[in-house]
């Protein structure tokens, strides 16, 4: 499989994930502003998840700018990431319909941490396949953002059982960290 085909497949899966999430939003029953109130938790959950999917799509794009060719290991690592991201519509709907209850917020966090781990695995597989001359290895020599994200996810999951809104705050902090695209890869590609 070519790199372009893998990227197109991934883009398609991510687009479907967003489509599924937006289709879960229901039209309000009334015509007043007050009729929006019942769907507000689901809408907020959708916005949050949309941002996360967008972050992964953006970083996936940057990640594959460094890749020259793909092999079976990269394909499977990429599918592993897409698997965890594909569960996001379920978790999104659950936290929205439960109004951010404890177990749904914990489950959402587990999905986020598993997606982060899968993304890190994908990075490592690409580096291993590219060898010592890996542009990705050169670009991401520091993994501070990755490590702090995992710590915040763990804190969020642990906190979710007592204070689910604080847990959402931890997940929100991770999104803020990654909202600005990681410039390490672009910088490394320009230097080479």
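Quick reminder: no glycine exception, Cβ is built from N, Cα and C everywhere.
Marked as transmembrane segment by Swiss-Prot: 1-24 (among others). For the transmembrane segment (1-24), the residues of the chain that approach it from at least six positions outside its boundaries are 42, 46, 49-50, 53, 56-57, 60-61, 64, 67-70, 74-75, 78, 82, 85-86, 88-89, 92-93, 96, judged by C-beta separation under 8 angstroms.
Marked as motif 'RxxxFSD motif' by Swiss-Prot: 5-11.
As annotated by Swiss-Prot, site 'Hydrophobic filter residue 1' applies to 16, with the evidence given as similarity to another entry. Classification of residue 16 (site 'Hydrophobic filter residue 1') by DSSP places it within a helix.
The Cβ neighbour count for residue 23 (site 'Hydrophobic filter residue 3'), using a 10 Å radius over every protein chain in view, is 9. If you look up Swiss-Prot, you'll see 23 marked as site 'Hydrophobic filter residue 3', on the strength of similarity to another entry.
The topological domain 'Extracellular' annotation in Swiss-Prot covers 26-39 (among others) and is backed by similarity to another entry. In the predicted structure, the topological domain 'Extracellular' (26-39) carries a mean pLDDT of 89.
Residue counts for the region 'Short helix H2' (31-37) under DSSP, helix first, then strand, then coil, are 5 helix, 0 strand, 2 coil. The annotation region 'Short helix H2' is assigned in Swiss-Prot to 31-37.
Sequence annotations record features per position, and here Swiss-Prot assigns transmembrane segment to 40-65 (among others).
The residues of the topological domain 'Cytoplasmic' (66-71), classed with DSSP into helix (H, G, I), strand (E, B) and coil, number 0 helix, 0 strand, 6 coil. Under the heading topological domain 'Cytoplasmic', Swiss-Prot lists 66-71 (among others), citing similarity to another entry as support.
Residues or ranges marked as transmembrane segment in Swiss-Prot (evidence: similarity to another entry): 72-93 (among others).
Non-local neighbours of the topological domain 'Extracellular' (94-101) in the same chain are 24, 41-46, 107-108, 164-165, 168; each lies 6+ residues outside the stretch with a CB under 8 Å from one of its CB atoms. Positions annotated as topological domain 'Extracellular' by Swiss-Prot, on the basis of similarity to another entry: 94-101 (among others).
Positions annotated as transmembrane segment by Swiss-Prot, on the basis of similarity to another entry: 102-126 (among others). Distant neighbours of the transmembrane segment (102-126): 52, 56, 59, 63, 66-67, 73-74, 77-78, 80-81, 83-85, 87-88, 91-92, 94-95, 134, 136, 140, 143, 146, 149-150, 153-154, 156-157, 160-162, 164, 167-168, 170-171, 174; these residues of the same chain sit at least 6 beyond its ends, with a Cβ under 8 Å from one of its Cβ atoms.
Feature annotation from Swiss-Prot assigns topological domain 'Cytoplasmic' to 127-133 (among others); the stated evidence is similarity to another entry.
When Cβ-Cβ distances below 8 Å are used as the criterion, the transmembrane segment (134-162) is approached by residues 63, 66-67, 102, 105-106, 109-110, 112-113, 116-117, 120, 123, 126-127, 168-171, 173-174, 177-178, 182, 184-185, 187-189, 192 of the same chain, each at least six residues removed from its ends. For 134-162 (among others), the entry in Swiss-Prot reads transmembrane segment, with the evidence type similarity to another entry.
If you look up Swiss-Prot, you'll see 165-180 (among others) marked as transmembrane segment, on the strength of similarity to another entry. Cβ atoms under 8 Å from those of the transmembrane segment (165-180) belong to residues 48, 51-52, 55, 59, 100, 105-106, 108-109, 112, 116, 145, 148-149, 152-153, 155-157, 159 of the same chain, restricted to positions at least 6 beyond its ends.
The topological domain 'Cytoplasmic' annotation in Swiss-Prot covers 181-192 (among others).
Rounded to the nearest whole angstrom, the C-alpha distance between residue 16 (site 'Hydrophobic filter residue 1') and residue 23 (site 'Hydrophobic filter residue 3') is 10.
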